[in-house]
Amino acid sequence: MSNPVEQQVVCNRFRSHSCGLLNATFEQQHVRLAGWVHRKRDHGGLIFIDLRDHTGICQLVIQPEQQALFAEAEHLHNESVISVEGTVILRAENAINPRLSSGEIEVVISCMSIESNAHPLPFSVADELPTSEELRLKYRFLDLRREKLHENIIFRSRLTAAVRRYLEEKNFTEIQTPILTSSSPEGARDFLVPSRLHPGKFYALPQAPQQFKQLLMVAGFPRYFQIAPCFRDEDARADRSPGEFYQLDMEMAFIEQENLFEILEGMLEHITSTMSKKRITQVPFPRISYRDVMNRFGTDKPDLRIPLEIQDVTSLFVDSGFKVFAKNTVPGCCVKALVVKGRGNESRLFYDKAEKRAKELGSAGLAYIQFKDEGAKGPLVKFLSEDDMNALKQHLNLEQGDVVFFGAGKWEVTCKIMGGMRNYFADLFTLDKDELSFCWIVDFPMYEYNEEAKKIDFSHNPFSMPQGEMEALETKDALDILAYQYDIVCNGIELSSGAIRNHKPEIMYKAFAIAGYSREEVDQRFGHMIEAFKLGAPPHGGIAPGLDRLVMILCDEQNIREVIAFPMNQQAQDLMMSAPSEVTLAQLRELHLKVELPKKEEKKG
């Protein structure tokens, strides 16, 4: 395990040096080492032990004349904990191990103490063979000894420290906000905590410190941050841990959107350049409006490394004889095209698989035109005139060997389907995993139409400041109002959402009224915020990048559990601690609670 930060060793009876920091400069020095038996090899006359500590591995040698040591070492199991004393010697030239930082030396030990002899292991630590996630999580303390996971946790610690240093240099103040707070009906489900002192009442674990950090702005702390634990009762995903996660929570007073962008871009550029081999594509990060990103990439979380872009061809089909496309040239609908260069001569299987994926995304089918060596082919060709084909070629810059895929229908639905196809075709390209292609998504709609409830709803954060403030709310159609909301995205992963906040009570009342809330409802739900804003609130805004996701990206991990020391499984269970678990009746009575479990369905037959 390589650790780029030199270790300060506490000298005592267990150790004077660290395994991974020994090298040829320590030749003939007497050392004390302690750690875990990584591997043991008996070569007849000699026993070799790879001793591992937090800094790396060092090879120990027990010579045959040391009969007592030899006998003791023969019964050692892997992962036993030992402390040794010995002398550093240089390895023979043909025995040097260039993969180890201590590979030029070995330690001939003179005495050994077995601090803890390990029982047979549930899985191998040294070989890192594939192991079921269930077993890994049950014995997480053992899993954490494995090199890659161990290094991920060390990296996470170093990254957190670097973030703190950077923000402190930018005059941010770290402030801890409450863990026990009130429940909010918005967002994900809360984790509830019953109150013993107030029977029938509950605290909630915070889904985010959102309201507290805004109140800190009102309190006169102009730059706040916190590595904040957040709790949401939601299902697991590869990039989301169930139960709890950590975010870099930030808020700033007297700022505009671009001021916050500059701070976060500077921080990300700093930690990437100093702590990672990865490189950022472009600084400042591109700013892309929500409308533009949906039109071009079909998602508000685009992976800009994919060399494909959706193009609008609605105007080309206004008078087309192909009625399926012509009827989707009216307002609110569109016709989109996705050109894949050099793939026009693929087999039928290629197109069948693409159509299957399009149907999985919600499309009725997938129209396409292949520009093969012998001419244009595909199910759409017979419906298009020569003029239509020429217009397409010119508009899309099509060449022989290309293929163009089409989607048509309602604007948002069509964009999303074509965005899904863009991601599907990403496998045709070799994307650089060391490239970090960040972007800001801006100008989100303030409202959206809820088809199910047949009403106007907030599309994102209801506490965002509308662009144009009160004038926009009073004079514009609700669905045309934009908000000062923004997302930061990297390689198709959303790291965070943020916003410039609505700090003016009358604008807040009006914004909620458009979404169907009365003043009384707003006061009932958010009265403490309204009251604070009436007593002098500065303009402010913030963001909260997910720390777990950022570490996941920088460590090249596909699963967020690989960067969390003690994660839950996908069923929100801690297999190591057997949580959640039942509690005693006495504990429930003390909290004035009674558990009523759902009735099990009786098996028929």
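In case you wondered, yes, glycine gets a Cβ from its N, Cα and C as well.
What Swiss-Prot says about this protein:
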- His43: site 'Important for tRNA non-discrimination' (SITE)
- Glu186, Arg232, His460, Arg501: L-aspartate binding site (BINDING)
- 210-213: region 'Aspartate' (REGION)
- Arg232, Asp233, Glu234, Glu494, Gly546, Leu547, Asp548, Arg549: ATP binding site (BINDING)
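The least crowded of the recorded positions His43, Arg232, His460, Arg501, Arg549, judged by other CB atoms within 10 A of its own CB, is His43. Checked against Leu547 (ATP binding site), the recorded positions His43, Arg232, His460, Arg501 differ in C-alpha distance, with Arg232 being the nearest. Summarised as a single figure, the pLDDT of the region 'Aspartate' (210-213) averages 95. Secondary structure at Asp233 (ATP binding site), taken from DSSP and collapsed to helix, strand or coil, is strand. In the three-state DSSP classification, Arg501 (L-aspartate binding site) falls within a strand. Comment: ATP site residues Arg232, Asp233, Glu234, Glu494, Gly546, Leu547, Asp548, Arg549; largest CA to CA distance 20 Å, whole number. The shortest Cα-Cα distance between Arg549 (ATP binding site) and any of the recorded positions His43, Arg232, His460, Arg501 is the one to Arg232. Distance from the CA of His460 (L-aspartate binding site) to the CA of Glu234 (ATP binding site) is 18 Å.
A coil conformation is recorded for His43 (site 'Important for tRNA non-discrimination') in the three-state DSSP classification, outside any helix or strand.
Reduced to three states, the DSSP call for His460 (L-aspartate binding site) is coil. Candidate recorded positions: His43, His460, Arg501. Nearest to Asp233 (ATP binding site) by Cα distance: His460. The number of other CB atoms found within 10 A of the CB of Leu547 (ATP binding site), across every protein chain shown, is 23. In this structure, Leu547 (ATP binding site) is part of a helix by DSSP.
Spatially, by CA atoms, the recorded positions His43, Arg232, His460, Arg501 include one closest to Asp548 (ATP binding site), and that is Arg232. Counting residues per DSSP class in helix, strand and coil order gives 4 helix, 0 strand, 0 coil for the region 'Aspartate' (210-213). With all protein chains in the displayed structure included, the most crowded Cβ environment within 10 Å among the binding-site residues Asp233, Glu494, Asp548 is that of Asp548. Under DSSP, Glu494 (ATP binding site) is assigned to a strand (E or B) in the three-state scheme.
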